[in-house]
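Taken verbatim from TrEMBL:
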- 1-22: compositional bias 'Pro residues' (COMPBIAS)
- 23-61: compositional bias 'Low complexity' (COMPBIAS)
- 83-118: compositional bias 'Low complexity' (COMPBIAS)
- 139-201: compositional bias 'Low complexity' (COMPBIAS)
- 321-359: domain 'Zinc finger Sec23/Sec24-type' (DOMAIN)
- 743-840: domain 'Sec23/Sec24 helical' (DOMAIN)
- 924-989: domain 'Gelsolin-like' (DOMAIN)
Amino acid sequence: MFSQQPPPTFPPVPQQQFPPVPQQQQQAFPSMPQQQQQAFPPVPQQHQAFPPMPQQQQTFPSVPQHQQQAFPPMPQQTPNFSPVQQPQQAFQPVPQQQQQAFPPMPQQQAVPQQQQTFPPIPQQEAFPQMPQQPPTFPPVSQQQQAFPPMPQQQQQQGFPPMPQQQQQAFPPMPQQHQQQGFPPMPQQPQAFPSMPQQPQAFSGSAFPPGQPPQPQRQRLDPDMMPSLVQVAEDDQSTRSGLFPTGFPQAESPPLVSTEIIAQDQGNANPKFMRSTLYAVPQSQDMVKATQLPLSLAICPFAKLHQSEYPPPVIDLGEIGPVRCQRCKAYMCPFMEFIDGGRKFRCPFCRASTPVEDGYFAHLDHTGRRTDIQHRPELYLGSYEFVATKQYCKNGTPPKQPAYIFMLDVSYNAVRTGLVELFCRNIKDMLRELPKENFRSGAFSMRIGLATYDQTVHFYNLSQPGRAEMLVVSDIAEVFVPFVDGFLVEFEQAENALTVCLREIVNNFAHTRITETALGPTIQAGLDALRSADRAGKLFIFHTSLPVLDGAPGQLKNREERKLLGTDKEKTMLTPSIDFYAKLGEECVKWGCAVDLFLFPNAFVDVANIAPAVTTTGGIIYKYQYFDAERDGERFLADLRHDISREVAFDVMMRLRTSTGIRPTGFFGSFYMQNTTDVEIAALDADKAVQIEIKYDDKLDEKEAAYFQLAVLFTSCGGQRRLRVHNLSLPISSDYAQLYRLIDEDCLATHLFKQAEQTLREKAPKEIRDELTLRCAQMLAAYREKCSEQAPLGQLILPECAKLLPLHVNCIERHDALNGGAELTVDDRAWMMSLVPSLTVLAAAHLLYPRIYPLTALGTPQQQQQQQLAADDGHNQQQTGQANGGGMPSGARTSTLYSLLEDELAAMGIADGGGTDAQQQLVVEVPAQVRASFEYFQPQEAYLIENGLVAFVFVGREVPSEWLSNVFGVNTVTHLDTETHELPKRPNAQSVALRRLWHWANLGRERRLKLFIVKEGDALEAWMKKFLVEDRYAQTSNSYVDFLCTVHREIRSILS
């Protein structure tokens, strides 16, 4: 099948082409110019920054061999982050007093490597020379150990380390210094040459078009597949640290898992706004041909690194926010001032607007305003305006928002310990209510308390030292019996609240009422906020199916688990009544959000209840078979996070785009009365919205595509404000450039949310087939447009989308889309309710779990390395900063993270850690393991987590010393698998593991539910479902099988 050819000869690459970089440049968060070169390594001459400036009007040909002509050389001695003078720019973000904080770098564009590819691997000693094109993907492996990893000394030269699969597949040729993962030097073929003794690749006859695959004698080698773990490590080692957002066009950001400190240069921080494509297709025809969606992942209130600047608040007084008179876009760095500063031209609609006298300033010789250093809206991508009365409802400034806690006091809630647990801890949590800086630390938010079973009970907390309970028994038309005294300031009502909580425990300790009225309770909370004319949030704590006769929103038990996974499952996963959906819409109208904490022991019909929560922007927490002793800590952690996080209330959001494109598809937890405005009762840092962009006309490559998100909201202190995020992207007609600037994390999130939304209309199998076909179409278009010369039997993956098949397979097998009868109906509906509001980072963790080996944690060798990193990290004082971020990717060692002492104290991990305060600042994070059981060792233990649940999986041959230190047992058989927490033992290994556990929970919207699983245990089968590279059940393909399926689809499309 394959002819034998001698290995080709390669001219040696001069070593000076890649000058060594000093070791000290490999810092994760550089502060000196030389250090900055490591975070964003120098670009070879054939890989110059993209996109070019609009004035340059350069083209990007699709033929790979000619890409060197598209990008002019950059002098290698130029530091990557030195300010570059931009000629004749109307708006250069260089304010004098903040020049160090926001240095302008409009021409520095970090471009991913051109293409990551993989050679076909024949069974013979060699395989034929490839044409000049990207190397290809190896489908079959015969000798898994044929190629040793790249020697470590080859990786210490300062340029980006190569992915793991390259290291294994392409060992360096003798006397050759070129590093794998870099494009070929001039006069060299762009394809990686064939190497001897390699396994076999897909041949042209392996999978005939339209035919099933023939039985293979050899299985595919997973080590030769693109590895998400290795890609993330490489991106962290090469792109972590300082990330300039770019100007006038945005930089393509690192992976969402990479630790960065974004420097706002006129485009928004990617934590606020990411695009699936950082080169906008010129026309809808390109989008249709590639099937690549143009979509934005928007998290307007994302939590920032402590070294990142929050959007400044701008108060223009009576003038208010300056806007375009035609399209109403807000002032931004892309506005061009003309006529001596008396007018400005809008980049969104090209209209000119006169400048008001109170906002006028002269222009300097470069065309910039002379007061630019005092106008953050002219040089930053994100900022806030203080809104005037015109932006307030009824022209009246809003009042401070309120939190109302509504506790189920029925028999189930009392029996499980929920009532006592809540009453014992809620008062301390209320001390952590969000505050406004301009409020001088005062508790500006109001609180209210109610309980319910068959009736609703309101509590008057206005009288010091005593509380008054009023009962509303007419649940058909529920109302609030009083307003004054129900919503109070915490500091003033603390004594009354203490008495009230004690009385609640005593009064309902012996209740026998089992039925509850959920619908009337939500209505009562809404009525309380409406009567007080305040926005706010309801915290509902509920335990059972609302079956009370005569109560609005009464439900019946309709659970049929056998329908899950079938074409009829949507009857179980969609609401059977519209009461809760309409209730949610009414809540949004009055700025009332709903967060629901469920504690069910049986079916509660999440599918029916969920719209009352998700429509308002709320979230559902679910604690199945809740027990206060076992699950109390997790519940309290979730509640504390929900109470203390920053929240924006009564939100209205609109995305404006430049001419020729417009937003059409919206995915998230919100309500829309029209086709443009997104309304959310409450929005926090853990929620995101995905917006898809469609075309009205063909775009001009000489221009840029502009996006502006305006978010009108009420702050926690009761101030009406406008937050604005801006993004500018280049327009390209070059398919190669389009694929080179894909943000794969954002693309996977878009596909995930789109599939979940479609699930209510189509059968699960139909959705999975459509996802597979679309994935194949994306890759087939790349093959057709960018790699035409490659043989049909080879699978070629673009560099920035080489993990697309893995992501799509993870989406298809996720419980939200593929859960069958092994799940309960409530679990499936709950999982579906979480997907729309996921951030890009949360979606990435949910689709591909993180797995860490554990037995080496806390060992003397690791402690020595930990202490060295602690000495360095303590001086940096940067939360979450990876001290080992500059390590070469081939070094599979732990990463040490420096955390602030108060964060560790908040996580509760100081116990047993010794007396060295500096040592407590370090959390050791092992190198991740791929999500396949093939990479598990019987003598190892692993932490597996996906953002919702976590497992500590203990192999049958784990050393007894580790078991004794961590769990207090000598053998695996004696391990207690009923516990859901890690024992606190005073030794280094126990402390290191608990630090890793709390680090994994840091910054999450919910605390992970932990399971201890030993090898061979009954829970092992469920745990293996999270090993997403392996096959699980009939409808969940392995990574290898899915690649074969996609390859067949690609061949079918091309033929």
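Every residue, even glycine, has its Cβ placed from backbone N, Cα and C.
Those TrEMBL annotations? Automatic predictions, nothing curated.
For the domain 'Zinc finger Sec23/Sec24-type' (321-359), DSSP puts the residue distribution at 6 helix, 11 strand, 22 coil. The average pLDDT the prediction assigns to the domain 'Zinc finger Sec23/Sec24-type' (321-359) is 96. DSSP labels the residues of the domain 'Sec23/Sec24 helical' (743-840) in these numbers: 69 helix, 1 strand, 28 coil. Residues in the domain 'Gelsolin-like' (924-989) partition by DSSP class (helix H, G, I; strand E, B; coil) as 16 helix, 13 strand, 37 coil.
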